[in-house]
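Participant: So that we are looking at the same thing, I have put the structure below in structure tokens.
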Amino acid sequence: MTQISGSLVAIVTPMHEDGSLDFPSLRSLIDWHIAEGTDGIVIVGTSGESPTVSVDEHRELIRVTVEQVNKRIPVIAGTGGNSTTEAVELTAYAKSVGADASLQVVPYYNKPTQEGMYLHFRKVAESVDLPVILYNVPGRTVADMSVDTMLRLAQVPGVMGVKEATGNIDRAAQLIKAAPASFKIYSGDDPTAVALMLLGGHGNISVTANVAPRAMHDLCAAAMRGDVETARRIHMQLLSVHKNLFVESNPIPVKWALQAMGKMAGGIRLPLTPLAAQYQEVVRASLQDAGLLS
């Protein structure tokens, strides 16, 4: 199994102003991330606007990412959803083109029970020989996977870990304490990622890494080796970035930030809209404060 740890960018999906996919910019972003030390690419997750890409686009985004990365760092394909059958099919495709793992979000809208979540994720893991990272983000899905359900799933072959995005450090500590050593716990919440990693977490699936790949790599490396002072310093440097990349729904602010940095165009798909004018200077100031924009 490929080692997956450190700063894992929840990469955006670049789009032209008309909303069409911008593959040249995606390839350029990937190369920039690798040069800046990013430890893994998570493609077509929340930050990648997975709900508004078609099935064909979803597949092509995974294929192009795997091709561009070319085995330099791990690729984690966002292939989850609220249909178990579709999640299995998309995960099988990701495996066929060479992804290293899949990210499986808690099924949203249909609000499964804890048993339903368990059976859903077990079905995906048993159907496709590709490591599964669970993704718990109740702020998006409404349904919240319990620690007990995560621990049950940790016993399922093929389930390698979880992206825990609640930001609840007490919950993360309980999970880290009780989980087997083979089960990896990743933060999915930039403001609390340092704390989770200092408790024994294995990395951070990060929005901030989109704009600060080198800093996030250094932060994760420091936290995971127990270098509290370095991790604290970088965290404080990025504090306003962590906060202000969520002044509107992710990935609205981070896509605007990348456009301001000259990394891509600012296209985004409805029902998401471009960053409101009153927040643009807030985000710009955060980037400048962190030394990411002159």
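Backbone N, Cα and C atoms are what each Cβ position is placed from, and that goes for glycine too.
Not my notes, these are from Swiss-Prot:
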- Y135: active site, proton donor/acceptor (ACT_SITE)
- K163: active site, schiff-base intermediate with substrate (ACT_SITE)
- S47, I205: pyruvate binding site (BINDING)
- T46: site 'Part of a proton relay during catalysis' (SITE)
- Y109: site 'Part of a proton relay during catalysis' (SITE)
Participant: Given the recorded positions T46, S47, Y109, Y135, tell me which ones have a C-alpha lying within 10 Å of the C-alpha of the residue listed as 'active site, schiff-base intermediate with substrate'.
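Facilitator: Final answer, ordered: Y135.
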Participant: Do me a favour and check the Cα-Cα span between S47 (pyruvate binding site) and Y135 (active site, proton donor/acceptor); whole Å is fine.
Facilitator: 13
Participant: Can you give me the same-chain residues 6 or more apart in sequence from T46 (site 'Part of a proton relay during catalysis') with a CB-CB distance under 8 Å?
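Facilitator: The answer is A10, G78, V105, V137, R140, N250, P251.
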Participant: Any same-chain residues 6+ apart from I205 (pyruvate binding site) with CB under 8 Å of its CB? Would you list them in sequence order, or say none?
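Facilitator: Within the chain, I205 (pyruvate binding site) has Cβ neighbours under 8 Å at L8, V9, A10, V42, G45, I76, L103, K163, A165, Y186, S187, G188.
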Participant: Going by a 10 angstroms cut-off between Cβ atoms, which of the recorded positions Y109, Y135 has the sparsest surroundings?
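Facilitator: Per-residue Cβ counts within 10 Å for the recorded positions Y109, Y135 bottom out at Y109.
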